[in-house]
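Working notes, structure below.
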Amino acid sequence: MSYKCSRCKRDVELEEYGGVRCPFCGHRVLLKERAPEIKEVPVE
């Protein structure tokens, strides 16, 4: 799962039991990245 640190804006990959902390700056607030693809929904 890909996250972005809210302080240093770097991409962070978290492991399943690694804890929630940025390995670069130590900040504990991580933002979940959205999927880059756009979904199309048919409208009737």
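A Cβ is built for glycine as well, from the same backbone N, Cα and C atoms used for every other residue.
Features of the protein shown, as given by Swiss-Prot:
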BINDING   C8, C22, C25  Zn(2+) binding site
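Sequence-distant neighbours of C25 (Zn(2+) binding site): residues of the same chain at least 6 apart with a C-beta under 8 Å from its C-beta are C5, R7, C8, R10. A count of other CB atoms within 10 A of each Cβ picks out C22 as the most crowded of the binding-site residues C8, C22. Taking the mean position of the Cβ atoms of C8, C22, C25 as the Zn(2+) site, the remaining residues of that chain whose Cβ falls within 8 Å of it are C5, R7, R10, V12, P23, F24, G26, H27.
DSSP assigns C22 (Zn(2+) binding site) to coil in the three-state reduction, placing it in neither a helix nor a strand.
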